[in-house]
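Novice: Not my notes, these are from Swiss-Prot:
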BINDING   Gln49, Phe50, Arg51, Glu52, Lys53, Asn85, Ser124, Lys154  4-amino-2-methyl-5-(diphosphooxymethyl)pyrimidine binding site
BINDING   Asp86, Asp105  Mg(2+) binding site
Amino acid sequence: MQHKYDIATAMRLYFIAGSQDVTHFASDPADNLLSVLEQALQAGITCYQFREKGKRALQNPIAYKALAIACRNLCRKYKVPFVVNDDVALAVEIGADGIHVGQTDMPPHQVKRLCTGKCFVGTSVNTIEQGLIAQNDPNVDYFGVGPIFPTQSKEDAEPVLSPAFITQIRANHIDKPMVAIGGIKVKDVAMLMAKGANGVAVISAITQSNHIEKTVKELLR
């Protein structure tokens, strides 16, 4: 199926966040997320993933869904793809553009079936074997590789890889759109793309920034 977004282009600067990532601000975390997301969208992020997970995430299902819808609406306003992490039922219900699943989440073929092909599907890759499986699975449209560097943003992060792993992925003829993730800073972007990544996914680089517009522009440089 043809998606309305070019996925390789969407991977250029992929922002991932939930309210748990913006609790360091003074006001309500849900409001904080919407503020940070809109600033990032205005500055030029190319994709956003709603990832509401962990001990500090919203626990109330009504508030959770309302926040997801508000994030989706912002993404639509700026014509940027809106991806939901793991929660396939939510993604289908609110009309997400994409769904991202980890290695222990629902298999991509089931995700594609449940969203009746209307969503693009991404998965997480931490080994060459997983990369080959993703490459050969017609239900996988892109994959995230990482963590490339140590990260504090994910409580359940896999073992740290290295930038060289991206080169190894491409050397194994794995050519689907690929985004690097995990502890990535502005200074790392050009090097990671030179090794074969289509772009970078970041959480704290944006959520911890004192000047979101400047940071996003630098990440896109």
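Backbone N, Cα and C define each Cβ position, glycine as well.
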Novice: A 10 Å Cβ contact count, applied to the binding-site residues Arg51, Lys53: which residue has the minimum?
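Specialist: It is Lys53 that, of the binding-site residues Arg51, Lys53, has the fewest other Cβ atoms within 10 Å.
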Novice: Quick one: Cα separation, Asp105 (Mg(2+) binding site) versus Glu52 (4-amino-2-methyl-5-(diphosphooxymethyl)pyrimidine binding site), in Å?
Specialist: 15
Novice: Run through the Cβ atoms and count how many others sit within 10 Å of the one on Asp86 (Mg(2+) binding site).
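Specialist: Summing over all protein chains shown, Asp86 (Mg(2+) binding site) has 19 other Cβ atoms within 10 Å.
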Novice: Does anything in the same chain, at least 6 positions from Ser124 (4-amino-2-methyl-5-(diphosphooxymethyl)pyrimidine binding site), have a Cβ under 8 Å from its Cβ, and if so what?
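Specialist: Looking at Cβ-Cβ distances below 8 Å from Ser124 (4-amino-2-methyl-5-(diphosphooxymethyl)pyrimidine binding site), excluding near sequence neighbours, one finds His100, Val101, Gly102, Gln103, Gln130, Phe143, Gly144, Val145, Gly146, Glu158.
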Novice: To the nearest whole angstrom, state the Cα distance for the pair Glu52 (4-amino-2-methyl-5-(diphosphooxymethyl)pyrimidine binding site) and Asp86 (Mg(2+) binding site).
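Specialist: Rounded to the nearest whole number, the Cα-Cα distance is 10 Å.
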Novice: Taking the binding-site residues one at a time (Glu52, Asp105), which has its Cβ surrounded by the most other Cβ atoms within 10 Å?
Specialist: Glu52
Novice: Just to be sure I understand the packing, how many Cβ atoms besides its own are within 10 Å of the Cβ of Gln49 (4-amino-2-methyl-5-(diphosphooxymethyl)pyrimidine binding site)?
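Specialist: For Gln49 (4-amino-2-methyl-5-(diphosphooxymethyl)pyrimidine binding site), the count of other Cβ atoms within 10 Å is 24.
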Novice: When you measure from the Cβ of Asn85 (4-amino-2-methyl-5-(diphosphooxymethyl)pyrimidine binding site), which residues in the chain that are at least 6 apart have a Cβ under 8 Å away?
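Specialist: Set apart from Asn85 (4-amino-2-methyl-5-(diphosphooxymethyl)pyrimidine binding site) by at least 6 residues yet with Cβ under 8 Å, we have Ile16, Gln49, Phe50, Arg51, Glu52, Lys53, Ile99, His100.
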